[in-house]
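What follows is a set of notes on a single structure, which appears directly below.
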Amino acid sequence: MGMRMMFTVFLLVVLATTVVSIPSDRASDGRNAAVNERQTWLVPSTITTCCGYDPGTMCPTCMCDNTCKPKPKKSGRRND
């Protein structure tokens, strides 16, 4: 197969994929089906802290009342 023939086949493949993808975009009416069909429980309706939920399961209770002890810094050049 010559270079001219390979280039022609390449152009045909590109043209065919473009023609196939245009009608599918029109059929979707410009909407993203994956977003529209997402379960409502996967999308949070409000932004809350971890303590806005059940503190025992979502985060340590010390984070809710600011009683967590700070972690000691490790020695090193950046922490001096």
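Using N, Cα and C of the backbone, Cβ positions are placed for all residues, glycine too.
Owing to the predicted nature of the structure, the values given are computational and were not obtained by experimental measurement.
What Swiss-Prot records for this protein:
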type     : residues : note
CARBOHYD : Ser45    : O-linked glycosylation site
MOD_RES  : Gln39    : pyrrolidone carboxylic acid
MOD_RES  : Pro55    : 4-hydroxyproline
MOD_RES  : Pro60    : 4-hydroxyproline
MOD_RES  : Pro70    : 4-hydroxyproline
MOD_RES  : Pro72    : 4-hydroxyproline
MOD_RES  : Ser75    : serine amide
SIGNAL   : 1-21     : signal peptide
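In the three-state DSSP assignment, the secondary structure recorded for Pro70 (4-hydroxyproline) is coil. Here the Cβ of Ser75 (serine amide) has 7 other Cβ atoms within 10 Å, regardless of which shown protein chain they belong to.
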